[in-house]
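The L-glutamine binding site annotation in TrEMBL covers Asp115. Per TrEMBL, ATP binding site is recorded for Leu283, Ile321. Residues annotated as domain 'Glutamine amidotransferase type-2' in TrEMBL: 2-227. Taken from TrEMBL, the feature site 'Important for beta-aspartyl-AMP intermediate formation' applies to Asp398.
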Amino acid sequence: MCGLSVCFHLRRPDQGKKNGQHEEQQSRLAAQLHSSVESMRHRGPDAKGVWISPDNGIGIAHVRLATRDLSSNGNQPLHSAMGDDIHVVVNGELYYDPSLPEELAKDYNFQSTSDSEMAIALYRKYGVGFVKHLRGEFALVLYDGKAQRIVAARDRFGVKPLHYGVFDGRLLIATQAKGVAELLDQRQPLRWDPICLAQGGGHYGNRTFFEGIRKFPPGHVLVVHRGQTEPLKFEPYFQHKFAANEGGRDDRPAEQLIEQLRAHLLESIRIRLDSTDVPVGILLSGGVDSSAVAGMVAAYTRERAEASGKEQKELPICFTIGFPGDDELDESFIAQRTAEHLGLPIERVVVSEEILANDFDEACWKGETLMWDLQHIAKKALSRHINGRRFKVVLNGDGSDELFAGYPFFVSARLEDDDKVRAPELSSASTEVRKELKERYAKNLQWFGVEDAPQHDNNPAARALGLPPAFCNLGIPRYDVWLKDEVMNMSDPFQAILELFSKTEVEEMATYHPLHRALLAWSRTVLPNMVIAAISDGAEMAHSVESRPPFLDHIVSEFASSLPVDVLVHLKGEDAPIEKWIFREAVKPYVTEEVYARRKHAFRAPFRWKKDGPLYRKLTSLISREHIDQLGFVDWKKCHDIVDRSFEGDQLLFRQAIWLAQLISIGLQFGVQPWKPETEAVEQTVKATLVKGQVGENWEDEKENRNDVDSGKMFRVDSTEFTNWRIQ
């Protein structure tokens, strides 16, 4: 995992050779590229490289975390050795059959054994369509000098971040938003994007906090030619597809599906263990997801040692988080019992209140993402320990809840309708039993302090997408009740979700089971923008640790998408629904009985703390009248006493307070100028139609216009300000 930066002139650049400005332009671009990747050096401490084309038309830069081909041959940017002017920067890991490099070597001369160089070889063979042949977690930008074009792509689930913006005729791309900001020419302050704030702070769409900087959509490719005048067009190369909820023809036996899923999971773990030249650790909690990873890793590691005839000298180390004095949320003791059962060593990192407070600002700076809990800071502390143990790669259990329906609002969505795809004789429950379970299950639904109350039932965008009620009310929470009314009324999270889907996709969604609609919406939004961005990539790469999610493999995903909802959430007679049923059955041989039988418990950090403690003092120092005025979009009357009230044991209030504190910290560290209503008049007008509920035939055209990045004034933040830890 690494950091990359790209500056591409959309128009043919003025080379400045006649008046001697060429060298000056090149020097300025080189300085911008160096500054950009240096701001992300925590993502790539092992090497740095910069390349600029002879005409100054493009510059690319990279900071490397070396995990495969540890020699300097693997340093990036990588350049084709075939004299065809092809260059690439890659963040992430590509997986492939060992025979593929030998096959591609017939027409390409590899200069390294780095997986990233496969991007050049595959591009030469398949052209722009090469992205469909990539397997893994990646974000990349390739430049073809002869064709005068760049090809940018992001992996199917958005495991690796990528941001972009268009300013004064230049397309700027970087792993993080701070990297884009450092590529800008003029040192003007960043500006808040009020639509992003109104839409839930970036969790549900491709906007970022900063005006003009957007997130590259997962599963898409962007091809840009020099001289093109058309707006940027992102083309999907991967889309989740589900069968229409009808037919009753799926008669595959459950045992067969379980065996097939188990094989896919084992294969996904195998390739992630084999595709590295450094030791691999395991992130382990008390849940079935990470426990399954640990169990499969242990089994495969021993099988590999036996097959080679060599004695297994070292087993992979598990790393787990403990919270002192909170037996309800501390899962480390379950993790320790799992590790002991598997015969794996485990290290427990205790995350205290002091750590959560002291790491608060650094987590905001390095992660650039809001989180409704402090678990991402706990994960960051764990990553610091892992880095100190000289591990660069770990496997995690991300994605199984999203693919196999683990969250309570997914269970509720399953109960909204019968599984009409499954053959009737294989159905686990009748319509009557399902309806009875639905009524009983709805009485106790809660998610991170939010209860299942009808908050969004009348939202036009939610209705257009056909999203089930519990998903709307629990899966899309609002912790920003302190926003000024004029900002809150600009948009909402469901508008952001709707903008991610084409009109054809919305029409297809109408035929899906409600559970599949919820899974699809979550995978496009909260999964990449919060689960991965804050808790995984953002927390782990804060200390140069690459986290690989075997369950978010697209081969596994495609199989999961083919499964009937009855095996995802199993209705066993009148008993409580069993979430992730088929996943539990597939991994049962690799986990303890305790973990197999344990119901879903979302990993959370404690939220009950004493007043006058480190967290209380931290939040009090951030949520002040002065800082609220600096934001400009928060109503002080709504939050003047939020810290005191949030430390009285109210979970929802505590999450509202830390959400606000994170925005303040980001605003201070990124030097964002206060928001002023009069400067946002155009944006407010653009949103007027959908806020009023006019979701009609033209909504897709409006979506395209809203997603265009306006060419505007450039702005920049000085990365040497605020605190010392930003200077590495």
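Each residue, glycine too, has its Cβ placed from N, Cα and C.
Predicted automatically and left uncurated, TrEMBL annotations should be read as such.
Here the features listed in TrEMBL are painted onto the structure.
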| residue | record | CB count, 10 Å |
| --- | --- | --- |
| Asp115 | L-glutamine binding site | 23 |
| Leu283 | ATP binding site | 27 |
| Ile321 | ATP binding site | 24 |
| Asp398 | site 'Important for beta-aspartyl-AMP intermediate formation' | 25 |
For the domain 'Glutamine amidotransferase type-2' (2-227), mean pLDDT (0 to 100): 94
Candidates Asp115, Leu283, Ile321 (binding-site residues) - the one closest to Asp398 (site 'Important for beta-aspartyl-AMP intermediate formation') by CA: Leu283
Cα distance (Å, whole number) from Leu283 (ATP binding site) to the residue listed as 'L-glutamine binding site': 24
